[in-house]
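Here's the structure we're looking at; comments come further down.
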Amino acid sequence: MRFDVITLFPELFTPFLASGVTRRAYATGLVDVRFWNPRDYAEGNYRRVDDRPFGGGPGMVMMAEPLERCLRAIRADRGEAPEAVAPLVMFSPIGRRLDHDGVAGWAAGNGAVLLCGRYEGVDQRFVDAHVDVQLSLGDFVLSGGEIPAMALLDAVARLQPGVLNDAGSHQEDSFNAALDGLLDCPHYTRPESWQGQAVPAALLSGHHAQIERWRRDQRLAVTARHRPDLVEAARVAGRLDRADEAVLAKLNGLL
């Protein structure tokens, strides 16, 4: 899969691509990431890519023409058939919030062109003409789209086969369908006792069924406490059995 990133600051991605477990995906080309600076497609001695907004107001707006030239170069480099053009994704506060299901969809695809906006935003005429999808990380504003782009790339990369040390690691992530969309359970490691706090006995029992039941109960408890909407979604989807409901009934008196 291939992601082409349109950014005025490609250097921000250098440590990101070279660090952590997901670097394998980028180093091997399993996730091919290429960078395009719209300044390279701007005209004039100053290579200007932004200008003042019509109507006045603070800040600057990214100009449509350099972005379109940049996008045109990307399309030519990708050599895409008209019916298989990669979607252009722009990160914006008005976009759909990126979640696990969305990441899974991108991870199963062939990639995209990611537009990292800056300043007050992008000329709306370019957005209307070329942007296919708008995504957001949440109800807050960042200085640019680079951090959301990194978040999407990292989330997609770790779902690719062979990237994580344990192929099944992501199957036990929070929100995963394998966990019925619940949050993950607490985790413990050595020593068995730390500052007077012991590891839960179930995890030391060696009894796999008991361990799995404990983990399931903990997932239910954590999710009910922090994201009750996910519990209700699992219930509506028919993913909770009688044992789960019994655990939740006990929790209701404690939360």
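Cβ from N, Cα, C; glycine included.
As given in Swiss-Prot:
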- G117, L137, G138, D139, F140, V141, L142: S-adenosyl-L-methionine binding site (BINDING)
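Distribution of Swiss-Prot features across the structure.
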{"residue": "G117", "record": "S-adenosyl-L-methionine binding site", "Cβ neighbours (10 Å)": "23"}
{"residue": "L137", "record": "S-adenosyl-L-methionine binding site", "Cβ neighbours (10 Å)": "16"}
{"residue": "G138", "record": "S-adenosyl-L-methionine binding site", "Cβ neighbours (10 Å)": "10"}
{"residue": "D139", "record": "S-adenosyl-L-methionine binding site", "Cβ neighbours (10 Å)": "7"}
{"residue": "F140", "record": "S-adenosyl-L-methionine binding site", "Cβ neighbours (10 Å)": "7"}
{"residue": "V141", "record": "S-adenosyl-L-methionine binding site", "Cβ neighbours (10 Å)": "8"}
{"residue": "L142", "record": "S-adenosyl-L-methionine binding site", "Cβ neighbours (10 Å)": "16"}
